[in-house]
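Feature list (source: TrEMBL):
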{"type": "DOMAIN", "residues": "2-145", "note": "domain 'SPX'"}
{"type": "TRANSMEM", "residues": "282-303", "note": "transmembrane segment"}
{"type": "TRANSMEM", "residues": "315-338", "note": "transmembrane segment"}
{"type": "TRANSMEM", "residues": "350-367", "note": "transmembrane segment"}
{"type": "TRANSMEM", "residues": "373-391", "note": "transmembrane segment"}
{"type": "TRANSMEM", "residues": "412-434", "note": "transmembrane segment"}
{"type": "TRANSMEM", "residues": "446-464", "note": "transmembrane segment"}
{"type": "REGION", "residues": "503-527", "note": "region 'Disordered'"}
{"type": "COMPBIAS", "residues": "506-523", "note": "compositional bias 'Acidic residues'"}
{"type": "TRANSMEM", "residues": "548-573", "note": "transmembrane segment"}
{"type": "TRANSMEM", "residues": "579-599", "note": "transmembrane segment"}
{"type": "TRANSMEM", "residues": "611-631", "note": "transmembrane segment"}
{"type": "TRANSMEM", "residues": "643-660", "note": "transmembrane segment"}
{"type": "TRANSMEM", "residues": "705-729", "note": "transmembrane segment"}
Amino acid sequence: MVAFGKKLKARQIQEWQAYYINYKLMKKKVKQYAHQIEVGTLERRHVLKDFSRMLDNQIEKIVLFLLEQQGLLASKLAKLREQHDTLEQQPEISQITELREGYRVVGYDLLKLLYFVEMNAIGLRKILKKFDKRFRYRFTDYYVKSRANHPYSQLQQVFKHVGLGAVVGAVSRNLHELQDCQGSYLSIYDPPALPLQVSPIHTCDHFSSDFSSKLLYDNKDMVMLFYLDHLQDPVVDSIKAAVDRLTHSTNFLNFMAQHALIMQEELPAPAEEQIDEERYHYVSLLLNLANTFLYMVNTYIIVPTADNYSMSLGAAATVCGIVIGAMAVAQVFSSVYFSAWSNRSYFRPLVFSSIVLFVGNAMYALAYDLNSLTMLLLGRLFCGFGSARAVNRRYISDCVPLKIRMQASAGFVSASALGMACGPALAGILQINFKIYKLTFNAMTLPGWVMAVAWLVYLIWLWFSFKEPSRDVEENNSPHASDSETAEKNTLEKGLKQPLLITSEEQQEDDEDAEADGSEEVSQESRRPATSIASAYRLLTPSVKVQLLIYFMLKYAMEILLSESSVVTTYYFSWSTSTVAVFLACLGLTVLPVNIVVGSYISNMFEDRQILLASEIMVCVGILLSFHVIIPYSVPQYVCSGLIMFVSAEVLEGVNLSLLSRVMSSRLSRGTYNGGLLSTEAGTIARVIADATITMAGFLGQSQLLNITLLPSLLICVISIAATCFTYNSLY
């Protein structure tokens, strides 16, 4: 990983070098402040005042240069507008071509300016974070709030790129107008219409019919021009991509993407952007998301009927814990080999996953007619061995272009949430009973048969439609890289909000010192991915370990709630399978609305660590309210406490992974043993232990099941709250 200071220096436009943020100077100043405060020669309030003044000066330098360049672009556009107006009266093909080329030149100048703003915005964001980290002070909040909404704000020019939008609009509109010569009255401001057929009689708005007809039949260049009329000009595409990168994305998409722990590089190399485009295939992305959706449906479709299925095979109802958890047990191992397999291919792991899941679901369904609990458990184990979520995450990280990676990441989370809701809902619908030959189709076996058919259909679609991303591009771009580095070239190294720690605080200081001394690159060791689970664990800082503990806790609490819901509600309320299915589906449907509210509103009003701690406390409250203390145990108590626990856990998961994406070591953003794998393993192990707890607690009788299983949830929750309070100041 190359430090930002080196990237900034390498990608500066040389003639504009004096107008970029002086990131190196400001970083040295932060270290100098820290030393002066430590020895007592400077007070904190003086540091804040001096640093604020320095930032203001840097921003003013950037903004004044930005305004100067905007004025130059506006002047060029005004001259082109005069030519355009003249051309409307007396059109000539050579002048049209020349005018379009003039707008393209301005477009490329605009691109340079957009890149200039982008790099300075990232530099400002990074130096503010560095200051916050060094002094344990929320200076960023104060500085941005005090400057952003001020009537004379210069910060708005950088972060909101005020004024550039008008230039972008002028270039795009005029290029579009010069291209749109088919008699259409639409403009870039109108909604898109159906594509028009190109025909010899289409005429330009400003050209006479005779003139245009003559050009079409006599000038082959003009014929080609007409065929390209409705294609977007490349420079407009580039400008749009640059603006999208600059504005980046909405808070909701950021929140959802971090929920998936799919991190994003802030300043990609142009070569990497080109590689992304060459590797991207829309249908393959849809297949990847479909795999995510189907797997979550497969996980939860058996929950409402697992207790009845266990009893029909002669086991206790609480054996449903083992039946449900068998899938998670296998997933602990499958996550590792699928993560390793994705270093070489994406297509073959997805094919293998589909086949194994087809076989596993068929075995699950056949267990009823074979009267075999062993077959039932083996079927669920096979389903777990087909878990390709590591491949799903990796595909988005490696093969989706940066400009839509946030949307794809949000799609991953949405597919998971919808699958979680659809699974129980589908089980509630499958309340029929019939036989074909010796095969029984009822509420217990139909989930297996339906999912087997679904995976077979998916496999056929996958086989004919999936496009394996080319890896030759990576090899050609890095001929001297090792095999592991080549395979990981496109893996994301940094989150949307850059990690504040590299491997540890000492490692970060070493990297900063190396950069200050002018070294070419950081040590090879600091860039090498982890080679085992043990080495990955050693890279975790105390705050990251706490966040993985929180993730373990919330997954444990959610699994206890979901997996034992059928047994508990049948014992206390005599709920039918359909009622349980509706309850679980309603819980699943809360996921997306909750994420929208948190990502779009709550995260803007409070710090992530504040939301984290509040969510943990609410999970604890939900667990406490779930205990059977008051007699009789009522439906409102169970439903309300379950809803509080589930919704709070969902909020907690999103915020926790958002924080985790910032402080996770960059070495854990790539390779087989990456941060996504660690979080998946933590959550999967939590589910395994929770399901085993349900089965073991069943030996004490169903009357004790609820309280016995809630006790470990309460204990782990209290421990995680204490750990969060202990590391609160290190969470950002």
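Using N, Cα and C of the backbone, Cβ positions are placed for all residues, glycine too.
Sequence-distant neighbours of the transmembrane segment (548-573) (same chain, 6+ residues past either end, Cβ-Cβ under 8 Å): 300, 303-308, 317-318, 320-321, 324-325, 540, 579-580, 583-584, 587, 612, 616, 619, 622-623, 626, 628, 633, 635, 638, 642, 645-646, 649, 652-653, 656-657, 660, 678-679, 682-687, 689-691, 693-694, 698, 702-703, 705-706, 709-710, 712-713, 716-717, 719-720, 723-724. The transmembrane segment (643-660) and the transmembrane segment (373-391) are not in contact, since fewer than 3 Cβ pairs between them lie under 8 Å (pairs 6 or more apart in sequence). Taking residue pairs at least 6 apart in sequence, the transmembrane segment (315-338) and the transmembrane segment (373-391) share three or more C-beta contacts under 8 angstroms. Among residues of the same chain six or more beyond the transmembrane segment (350-367), those with a C-beta under 8 A of the stretch's C-beta atoms are 287-288, 291, 294-295, 298, 302, 309, 313, 338, 373, 375-376, 378-388, 391, 439, 445-449, 451-452, 455-456, 458-459, 462-463, 466. Residues 309, 323-324, 327, 346, 350, 353-354, 357, 361, 364, 380, 383, 386-389, 391-392, 395-396, 399-400, 408, 411-412, 415-420, 422-424, 426-427, 447-448, 450-451, 454-455, 458, 461-462, 465-467, 469, 562-563, 565-566, 580, 584, 588 of the same chain lie 6+ residues outside the transmembrane segment (282-303) yet bring a C-beta within less than 8 angstroms of a C-beta in it. Stretch with the most C-beta contacts under 8 angstroms to the transmembrane segment (579-599), considering only 412-434, 446-464, 611-631, 705-729: 412-434. Residue counts for the domain 'SPX' (2-145) under DSSP, helix first, then strand, then coil, are 126 helix, 0 strand, 18 coil. Summarised as a single figure, the pLDDT of the domain 'SPX' (2-145) averages 80.
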